[in-house]
Amino acid sequence: MRECISVHVGQAGVQMGNTCWELYCLEHGIQPDGQMPSDKTIGGGDDSFTTFFCETGAGKHVPRAIFVDLEPTVIDEVRAGIYRQLFHPEQLITGKEDGANNYARGHYTIGKEIIDQVLDRIRKLADQCTGLQGFLCFHSFGGGTGSGFTSLLMERLSGDYGKKSKLEFSIYPAPQVSTAVVEPYNSILTTHTTLEHSDCAFMVDNEAIYDICRRNLDIERPTYTNLNRLISQIVSSITASLRFDGALNVDLTEFQTNLVPYPRIHFPLATYAPVISAEKAYHEQLSVAEITNSCFEPANQMVKCDPRHGKYMACCLLYRGDVVPKDVNAAIATIKTKRSIQFVDWCPTGFKVGINYQPPTVVAGGDLAKVQRIVCMLSNTTAIAEAWARLDHKFDLMYAKRAFVHWYVGEGMEEGEFSEAREDIAALEKDYEEVGLDSYEDEEEGEE
(Lines of atoms letter the chains of each structure in order from A and count residues from 1; the text may use other names and numbers.)
(Lines give C-alpha, C1' and ligand atoms only; values in the text may rest on other atoms or scores of the structure.)
Protein backbone atom coordinates (compact mmCIF):
# COMPACT_ATOMS: atom_id res chain seq x y z
CA MET A 1 0.00 0.00 0.00
CA ARG A 2 1.02 3.60 -0.46
CA GLU A 3 0.87 4.95 3.07
CA CYS A 4 1.03 8.59 4.13
CA ILE A 5 2.10 9.81 7.55
CA SER A 6 0.55 13.06 8.76
CA VAL A 7 2.49 15.28 11.12
CA HIS A 8 0.60 18.04 12.93
CA VAL A 9 2.85 20.69 14.42
CA GLY A 10 1.98 23.48 16.84
CA GLN A 11 -1.44 24.78 17.81
CA ALA A 12 -2.67 25.42 14.27
CA GLY A 13 -1.42 22.05 13.03
CA VAL A 14 -2.98 20.16 15.92
CA GLN A 15 -6.33 21.88 15.59
CA MET A 16 -6.38 21.27 11.83
CA GLY A 17 -5.47 17.68 12.67
CA ASN A 18 -8.45 17.36 14.99
CA THR A 19 -10.96 18.40 12.35
CA CYS A 20 -9.27 16.41 9.58
CA TRP A 21 -9.23 13.14 11.48
CA GLU A 22 -12.78 13.74 12.67
CA LEU A 23 -13.81 14.03 9.03
CA TYR A 24 -11.73 11.03 7.89
CA CYS A 25 -13.37 8.90 10.58
CA LEU A 26 -16.82 9.94 9.41
CA GLU A 27 -15.92 9.29 5.78
CA HIS A 28 -14.64 5.79 6.51
CA GLY A 29 -17.22 4.91 9.14
CA ILE A 30 -14.65 4.62 11.91
CA GLN A 31 -15.94 5.27 15.43
CA PRO A 32 -14.13 7.54 17.91
CA ASP A 33 -12.72 4.44 19.63
CA GLY A 34 -11.16 3.24 16.38
CA GLN A 35 -13.60 0.40 15.70
CA MET A 36 -15.01 0.11 12.20
CA PRO A 37 -18.26 -1.87 12.14
CA SER A 38 -18.38 -2.02 8.33
CA ASP A 39 -14.90 -3.56 8.04
CA LYS A 40 -15.30 -7.33 8.26
CA THR A 41 -11.66 -8.30 7.69
CA ILE A 42 -9.82 -8.16 11.00
CA GLY A 43 -6.14 -7.41 10.56
CA GLY A 44 -4.64 -5.72 7.53
CA GLY A 45 -7.17 -6.07 4.78
CA ASP A 46 -6.33 -4.61 1.41
CA ASP A 47 -8.49 -1.50 1.85
CA SER A 48 -7.74 1.92 0.43
CA PHE A 49 -8.12 3.63 3.80
CA THR A 50 -5.05 1.81 5.11
CA THR A 51 -3.02 4.58 3.45
CA PHE A 52 -4.08 6.74 6.41
CA PHE A 53 -5.03 4.23 9.11
CA CYS A 54 -3.21 1.14 10.33
CA GLU A 55 -5.23 -1.73 11.69
CA THR A 56 -4.29 -3.56 14.89
CA GLY A 57 -4.88 -7.24 15.52
CA ALA A 58 -7.87 -6.32 17.67
CA GLY A 59 -9.54 -4.63 14.71
CA LYS A 60 -8.84 -1.11 15.93
CA HIS A 61 -7.94 1.53 13.37
CA VAL A 62 -5.19 3.92 14.38
CA PRO A 63 -4.36 7.06 12.38
CA ARG A 64 -0.87 7.19 10.91
CA ALA A 65 -0.41 10.59 12.47
CA ILE A 66 1.73 12.41 14.97
CA PHE A 67 0.77 15.49 16.94
CA VAL A 68 3.64 17.64 18.23
CA ASP A 69 3.59 20.85 20.20
CA LEU A 70 6.18 22.49 22.40
CA GLU A 71 3.57 23.18 25.07
CA PRO A 72 0.94 20.76 26.32
CA THR A 73 -2.39 22.63 26.52
CA VAL A 74 -3.62 22.12 22.93
CA ILE A 75 -2.69 18.45 22.73
CA ASP A 76 -4.17 17.93 26.21
CA GLU A 77 -7.50 18.78 24.62
CA VAL A 78 -6.99 15.86 22.22
CA ARG A 79 -6.01 13.62 25.15
CA ALA A 80 -9.27 14.50 26.86
CA GLY A 81 -11.49 14.89 23.78
CA ILE A 82 -13.89 12.41 22.23
CA TYR A 83 -11.20 11.02 19.94
CA ARG A 84 -8.78 10.29 22.79
CA GLN A 85 -9.03 6.53 22.20
CA LEU A 86 -8.33 6.88 18.50
CA PHE A 87 -4.71 7.96 18.84
CA HIS A 88 -1.86 6.00 20.37
CA PRO A 89 -0.72 7.99 23.44
CA GLU A 90 2.85 8.04 22.13
CA GLN A 91 1.65 9.73 18.95
CA LEU A 92 0.78 12.82 20.98
CA ILE A 93 4.10 14.43 21.83
CA THR A 94 4.35 17.57 23.95
CA GLY A 95 7.16 19.64 25.40
CA LYS A 96 7.14 21.58 28.65
CA GLU A 97 7.54 25.13 27.44
CA ASP A 98 6.16 27.21 24.65
CA GLY A 99 7.59 28.17 21.27
CA ALA A 100 6.48 31.68 22.25
CA ASN A 101 5.91 32.86 18.66
CA ASN A 102 9.65 32.69 18.23
CA TYR A 103 11.08 30.81 15.25
CA ALA A 104 14.46 30.51 16.97
CA ARG A 105 12.92 28.74 19.98
CA GLY A 106 11.10 26.25 17.78
CA HIS A 107 14.10 25.63 15.56
CA TYR A 108 17.05 25.85 17.91
CA THR A 109 16.57 25.91 21.68
CA ILE A 110 13.31 24.17 22.60
CA GLY A 111 12.83 22.30 19.33
CA LYS A 112 16.04 20.35 19.49
CA GLU A 113 15.12 18.85 22.87
CA ILE A 114 12.06 17.13 21.42
CA ILE A 115 13.05 16.44 17.80
CA ASP A 116 14.65 13.04 18.47
CA GLN A 117 11.58 11.77 20.28
CA VAL A 118 9.45 12.86 17.33
CA LEU A 119 11.75 11.25 14.77
CA ASP A 120 11.78 7.99 16.76
CA ARG A 121 8.01 7.89 16.71
CA ILE A 122 7.95 8.68 12.97
CA ARG A 123 10.46 5.87 12.44
CA LYS A 124 8.10 3.46 14.24
CA LEU A 125 5.19 4.58 12.10
CA ALA A 126 7.31 4.28 8.96
CA ASP A 127 8.31 0.74 9.92
CA GLN A 128 4.65 -0.29 9.99
CA CYS A 129 4.24 0.84 6.39
CA THR A 130 4.79 -1.51 3.48
CA GLY A 131 5.39 1.26 0.96
CA LEU A 132 5.59 4.68 2.57
CA GLN A 133 4.58 7.30 0.07
CA GLY A 134 5.40 10.45 1.97
CA PHE A 135 4.55 12.92 4.68
CA LEU A 136 1.83 15.51 5.04
CA CYS A 137 2.87 18.27 7.39
CA PHE A 138 0.29 20.63 8.92
CA HIS A 139 1.46 23.85 10.54
CA SER A 140 1.18 27.62 10.61
CA PHE A 141 3.77 30.07 9.32
CA GLY A 142 3.27 32.54 12.13
CA GLY A 143 3.72 30.58 15.35
CA GLY A 144 7.02 29.70 16.95
CA THR A 145 6.46 25.95 16.91
CA GLY A 146 4.68 25.96 13.55
CA SER A 147 7.48 27.85 11.85
CA GLY A 148 10.62 26.85 13.74
CA PHE A 149 9.97 23.25 14.65
CA THR A 150 8.44 22.39 11.27
CA SER A 151 11.49 23.64 9.42
CA LEU A 152 13.75 21.63 11.73
CA LEU A 153 11.60 18.53 11.20
CA MET A 154 11.55 18.94 7.41
CA GLU A 155 15.34 19.19 7.35
CA ARG A 156 15.67 16.04 9.40
CA LEU A 157 13.07 14.15 7.35
CA SER A 158 14.98 15.03 4.19
CA GLY A 159 18.04 13.47 5.76
CA ASP A 160 16.27 10.32 6.98
CA TYR A 161 13.81 9.76 4.15
CA GLY A 162 15.45 11.49 1.22
CA LYS A 163 13.24 10.30 -1.61
CA LYS A 164 9.84 10.45 0.09
CA SER A 165 7.45 13.24 -0.88
CA LYS A 166 6.82 15.94 1.68
CA LEU A 167 3.66 18.00 1.30
CA GLU A 168 2.77 20.89 3.56
CA PHE A 169 -0.52 22.45 4.53
CA SER A 170 0.48 25.83 5.91
CA ILE A 171 -1.61 28.53 7.52
CA TYR A 172 -0.39 31.75 5.96
CA PRO A 173 -0.59 34.87 8.18
CA ALA A 174 -3.73 36.73 7.22
CA PRO A 175 -3.24 40.28 5.95
CA GLN A 176 -5.75 41.74 8.42
CA VAL A 177 -6.25 39.12 11.10
CA SER A 178 -2.92 38.88 12.87
CA THR A 179 -2.26 36.71 15.91
CA ALA A 180 1.33 37.82 16.51
CA VAL A 181 3.41 40.85 15.68
CA VAL A 182 6.40 38.79 14.56
CA GLU A 183 4.50 36.63 12.05
CA PRO A 184 6.36 38.12 9.05
CA TYR A 185 9.71 37.18 10.59
CA ASN A 186 8.66 33.62 11.36
CA SER A 187 7.06 33.14 7.95
CA ILE A 188 10.05 34.33 5.97
CA LEU A 189 12.47 32.31 8.10
CA THR A 190 10.48 29.09 7.86
CA THR A 191 9.84 29.47 4.13
CA HIS A 192 13.54 29.98 3.51
CA THR A 193 14.49 26.91 5.53
CA THR A 194 11.84 24.56 4.16
CA LEU A 195 11.94 25.75 0.54
CA GLU A 196 14.37 23.06 -0.54
CA HIS A 197 12.91 20.36 1.71
CA SER A 198 9.26 20.60 0.74
CA ASP A 199 7.90 19.21 -2.51
CA CYS A 200 4.58 20.97 -2.50
CA ALA A 201 2.99 23.42 -0.08
CA PHE A 202 -0.70 24.28 0.01
CA MET A 203 -1.11 27.65 1.65
CA VAL A 204 -4.28 28.58 3.48
CA ASP A 205 -4.85 32.18 4.43
CA ASN A 206 -7.01 32.62 7.53
CA GLU A 207 -8.54 35.83 6.26
CA ALA A 208 -9.65 34.27 2.99
CA ILE A 209 -11.35 31.50 4.94
CA TYR A 210 -12.94 34.01 7.34
CA ASP A 211 -14.44 35.80 4.35
CA ILE A 212 -15.77 32.58 2.84
CA CYS A 213 -17.41 31.67 6.17
CA ARG A 214 -18.94 35.11 6.46
CA ARG A 215 -20.09 35.39 2.88
CA ASN A 216 -21.14 31.86 1.97
CA LEU A 217 -22.15 30.42 5.31
CA ASP A 218 -23.54 33.58 6.91
CA ILE A 219 -21.46 33.13 10.06
CA GLU A 220 -20.99 36.60 11.48
CA ARG A 221 -18.06 35.79 13.72
CA PRO A 222 -16.35 32.64 12.51
CA THR A 223 -14.44 30.68 15.17
CA TYR A 224 -11.34 28.59 14.53
CA THR A 225 -13.57 25.52 14.52
CA ASN A 226 -15.57 26.99 11.63
CA LEU A 227 -12.36 27.75 9.75
CA ASN A 228 -10.85 24.35 10.45
CA ARG A 229 -13.97 22.49 9.34
CA LEU A 230 -13.71 24.22 5.98
CA ILE A 231 -9.97 23.58 5.76
CA SER A 232 -10.51 19.91 6.59
CA GLN A 233 -12.93 19.59 3.66
CA ILE A 234 -10.20 20.87 1.37
CA VAL A 235 -7.57 18.56 2.84
CA SER A 236 -10.02 15.70 2.56
CA SER A 237 -10.68 16.42 -1.12
CA ILE A 238 -6.96 16.50 -1.81
CA THR A 239 -6.35 13.22 0.03
CA ALA A 240 -9.60 11.49 -1.03
CA SER A 241 -7.93 9.92 -4.03
CA LEU A 242 -5.40 8.31 -1.70
CA ARG A 243 -8.08 6.93 0.61
CA PHE A 244 -10.81 5.76 -1.78
CA ASP A 245 -10.91 4.01 -5.12
CA GLY A 246 -12.03 6.29 -7.91
CA ALA A 247 -12.18 6.50 -11.67
CA LEU A 248 -9.23 8.85 -11.98
CA ASN A 249 -7.01 8.56 -8.97
CA VAL A 250 -4.26 10.94 -8.07
CA ASP A 251 -1.17 9.87 -6.18
CA LEU A 252 0.97 12.15 -3.97
CA THR A 253 3.81 12.17 -6.46
CA GLU A 254 1.32 12.75 -9.25
CA PHE A 255 0.34 16.07 -7.65
CA GLN A 256 3.91 17.23 -7.81
CA THR A 257 4.44 16.02 -11.35
CA ASN A 258 1.43 17.95 -12.55
CA LEU A 259 1.59 21.05 -10.39
CA VAL A 260 5.25 21.87 -9.90
CA PRO A 261 7.01 23.07 -13.07
CA TYR A 262 10.20 24.09 -11.24
CA PRO A 263 11.27 22.82 -7.81
CA ARG A 264 11.00 26.21 -6.09
CA ILE A 265 7.63 27.10 -7.55
CA HIS A 266 5.68 24.65 -5.46
CA PHE A 267 2.92 26.73 -3.87
CA PRO A 268 -0.37 25.80 -5.51
CA LEU A 269 -3.50 27.78 -4.80
CA ALA A 270 -6.45 25.75 -3.52
CA THR A 271 -10.05 26.65 -4.33
CA TYR A 272 -13.05 24.73 -3.10
CA ALA A 273 -16.65 24.77 -4.27
CA PRO A 274 -19.45 24.77 -3.41
CA VAL A 275 -19.23 26.26 0.08
CA ILE A 276 -22.88 26.57 0.90
CA SER A 277 -24.98 26.53 4.05
CA ALA A 278 -27.64 23.92 4.62
CA GLU A 279 -30.53 26.39 4.22
CA LYS A 280 -29.40 27.45 0.76
CA ALA A 281 -28.40 24.03 -0.54
CA TYR A 282 -31.94 22.85 -0.05
CA HIS A 283 -33.01 25.19 -2.84
CA GLU A 284 -30.09 24.93 -5.22
CA GLN A 285 -28.86 22.06 -7.33
CA LEU A 286 -25.28 22.79 -8.26
CA SER A 287 -24.21 21.36 -11.60
CA VAL A 288 -20.68 20.36 -12.54
CA ALA A 289 -20.38 23.42 -14.77
CA GLU A 290 -21.44 25.76 -11.96
CA ILE A 291 -19.07 24.41 -9.34
CA THR A 292 -16.23 24.34 -11.88
CA ASN A 293 -16.89 27.96 -12.73
CA SER A 294 -16.93 29.04 -9.12
CA CYS A 295 -13.42 27.59 -8.75
CA PHE A 296 -12.18 30.41 -10.92
CA GLU A 297 -13.79 33.05 -8.71
CA PRO A 298 -11.14 34.75 -6.56
CA ALA A 299 -13.70 34.82 -3.73
CA ASN A 300 -13.49 31.04 -3.30
CA GLN A 301 -9.72 30.87 -2.99
CA MET A 302 -7.84 29.91 0.13
CA VAL A 303 -5.29 32.69 -0.32
CA LYS A 304 -6.03 36.33 -0.99
CA CYS A 305 -4.57 37.04 -4.41
CA ASP A 306 -6.01 37.69 -7.84
CA PRO A 307 -5.28 35.06 -10.50
CA ARG A 308 -6.71 37.43 -13.10
CA HIS A 309 -3.51 39.45 -12.67
CA GLY A 310 -1.34 36.37 -12.96
CA LYS A 311 -1.02 33.42 -15.27
CA TYR A 312 -1.78 29.79 -14.66
CA MET A 313 1.04 27.29 -15.04
CA ALA A 314 -0.89 24.18 -14.16
CA CYS A 315 -4.32 23.27 -13.02
CA CYS A 316 -5.66 20.21 -11.32
CA LEU A 317 -9.39 19.64 -10.74
CA LEU A 318 -10.37 17.06 -8.15
CA TYR A 319 -14.04 16.16 -8.28
CA ARG A 320 -15.90 14.14 -5.76
CA GLY A 321 -19.34 12.60 -5.76
CA ASP A 322 -21.81 12.35 -8.60
CA VAL A 323 -19.60 13.47 -11.49
CA VAL A 324 -18.99 11.95 -14.91
CA PRO A 325 -16.07 12.77 -17.23
CA LYS A 326 -18.41 14.02 -19.97
CA ASP A 327 -19.71 16.87 -17.76
CA VAL A 328 -16.20 17.72 -16.65
CA ASN A 329 -14.92 17.99 -20.20
CA ALA A 330 -17.83 20.21 -21.16
CA ALA A 331 -17.20 22.46 -18.15
CA ILE A 332 -13.50 22.74 -18.95
CA ALA A 333 -14.21 23.53 -22.59
CA THR A 334 -16.44 26.42 -21.50
CA ILE A 335 -13.74 27.75 -19.20
CA LYS A 336 -11.09 27.64 -21.91
CA THR A 337 -13.22 29.95 -24.05
CA LYS A 338 -13.15 32.62 -21.33
CA ARG A 339 -10.36 35.10 -21.86
CA SER A 340 -9.99 36.02 -18.20
CA ILE A 341 -8.15 32.78 -17.54
CA GLN A 342 -4.65 33.07 -18.91
CA PHE A 343 -2.11 30.30 -19.08
CA VAL A 344 1.62 30.90 -19.53
CA ASP A 345 2.46 30.46 -23.17
CA TRP A 346 4.99 27.70 -22.53
CA CYS A 347 2.34 25.49 -21.00
CA PRO A 348 -0.60 24.42 -23.15
CA THR A 349 -3.88 24.66 -21.29
CA GLY A 350 -3.66 21.32 -19.61
CA PHE A 351 -6.16 20.51 -16.90
CA LYS A 352 -5.48 17.43 -14.86
CA VAL A 353 -8.67 15.84 -13.61
CA GLY A 354 -9.32 13.44 -10.76
CA ILE A 355 -12.75 11.96 -10.11
CA ASN A 356 -13.70 10.17 -6.96
CA TYR A 357 -17.14 8.61 -6.65
CA GLN A 358 -17.21 8.74 -2.86
CA PRO A 359 -19.80 11.43 -2.07
CA PRO A 360 -18.63 14.29 0.15
CA THR A 361 -19.30 13.87 3.88
CA VAL A 362 -19.99 16.69 6.30
CA VAL A 363 -19.66 16.82 10.06
CA ALA A 364 -23.06 16.59 11.74
CA GLY A 365 -24.03 19.90 13.30
CA GLY A 366 -21.41 21.66 11.18
CA ASP A 367 -21.99 24.69 8.97
CA LEU A 368 -21.57 23.08 5.57
CA ALA A 369 -24.44 21.54 3.67
CA LYS A 370 -24.30 17.98 2.43
CA VAL A 371 -24.06 18.23 -1.34
CA GLN A 372 -24.00 15.71 -4.18
CA ARG A 373 -20.74 16.84 -5.73
CA ILE A 374 -17.81 19.04 -4.90
CA VAL A 375 -14.65 20.11 -6.64
CA CYS A 376 -11.32 21.20 -5.27
CA MET A 377 -9.08 22.99 -7.70
CA LEU A 378 -5.33 23.14 -7.21
CA SER A 379 -3.71 25.61 -9.52
CA ASN A 380 -0.17 26.83 -9.75
CA THR A 381 -0.48 30.49 -10.63
CA THR A 382 1.99 33.36 -10.67
CA ALA A 383 -0.54 35.44 -8.71
CA ILE A 384 0.45 33.78 -5.46
CA ALA A 385 3.58 35.93 -5.59
CA GLU A 386 1.29 38.71 -4.30
CA ALA A 387 1.14 36.83 -1.00
CA TRP A 388 4.94 36.78 -0.74
CA ALA A 389 5.15 40.44 -1.67
CA ARG A 390 2.78 41.38 1.17
CA LEU A 391 4.79 39.38 3.65
CA ASP A 392 8.10 40.81 2.46
CA HIS A 393 6.79 44.34 2.81
CA LYS A 394 5.84 43.75 6.45
CA PHE A 395 9.15 42.04 7.12
CA ASP A 396 11.03 45.02 5.69
CA LEU A 397 9.11 47.55 7.79
CA MET A 398 10.09 45.79 11.00
CA TYR A 399 13.56 44.70 10.00
CA ALA A 400 14.57 48.20 8.91
CA LYS A 401 14.34 49.14 12.59
CA ARG A 402 15.61 45.73 13.76
CA ALA A 403 12.45 45.49 15.86
CA PHE A 404 12.13 42.32 17.97
CA VAL A 405 15.31 40.87 16.48
CA HIS A 406 16.98 40.55 19.90
CA TRP A 407 14.51 37.83 20.89
CA TYR A 408 15.75 35.67 18.05
CA VAL A 409 19.43 36.41 18.57
CA GLY A 410 19.00 35.67 22.27
CA GLU A 411 17.89 32.13 21.38
CA GLY A 412 21.08 31.49 19.43
CA MET A 413 20.21 32.70 15.95
CA GLU A 414 22.51 34.95 13.97
CA GLU A 415 21.26 38.18 12.51
CA GLY A 416 22.67 37.14 9.15
CA GLU A 417 19.96 34.49 8.90
CA PHE A 418 17.34 37.22 8.61
CA SER A 419 18.92 38.89 5.61
CA GLU A 420 19.73 35.53 4.03
CA ALA A 421 16.11 34.39 4.38
CA ARG A 422 14.81 37.71 3.07
CA GLU A 423 17.04 37.48 -0.01
CA ASP A 424 15.85 33.95 -0.67
CA ILE A 425 12.19 35.03 -0.65
CA ALA A 426 13.05 38.02 -2.86
CA ALA A 427 14.56 35.49 -5.27
CA LEU A 428 11.36 33.45 -5.03
CA GLU A 429 9.31 36.51 -6.02
CA LYS A 430 11.68 37.05 -8.94
CA ASP A 431 11.30 33.41 -9.97
CA TYR A 432 7.54 33.82 -10.12
CA GLU A 433 7.93 36.96 -12.18
CA GLU A 434 10.22 35.26 -14.68
CA VAL A 435 8.03 32.20 -15.01
CA GLY A 436 5.13 34.44 -16.01
CA LEU A 437 7.05 36.08 -18.85
CA ASP A 438 6.27 34.96 -22.37
CA SER A 439 8.98 32.83 -23.87
CA TYR A 440 9.51 35.03 -26.93
CA GLU A 441 10.25 38.01 -24.65
CA ASP A 442 13.13 36.06 -23.13
CA GLU A 443 14.57 35.31 -26.56
CA GLU A 444 14.51 38.96 -27.60
CA GLU A 445 16.28 39.98 -24.42
CA GLY A 446 18.95 37.39 -25.11
CA GLU A 447 19.65 38.75 -28.60
CA GLU A 448 20.14 42.37 -27.58
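Every residue gets a Cβ built from N, Cα and C, even glycine.
The shown structure was predicted, so the numbers you read here are calculated from the model rather than taken from an experiment.
From the candidate list Gln11, Gln31, Gln285, the residue Swiss-Prot records in the GTP site shared with Glu71, Ser140, Gly144, Thr145, Thr179, Asn206, Asn228 is Gln11. If you count neighbouring Cβ atoms within 10 Å for each of the binding-site residues Ser140, Thr179, the highest count belongs to Ser140. Between the binding-site residues Gln11, Thr145, Asn206, Asn228, Thr145 has the most other Cβ atoms inside 10 Å of its own Cβ, all protein chains included. A coil conformation is recorded for Thr179 (GTP binding site) in the three-state DSSP classification, outside any helix or strand. A helical conformation is recorded for Gln11 (GTP binding site) in the three-state DSSP classification.
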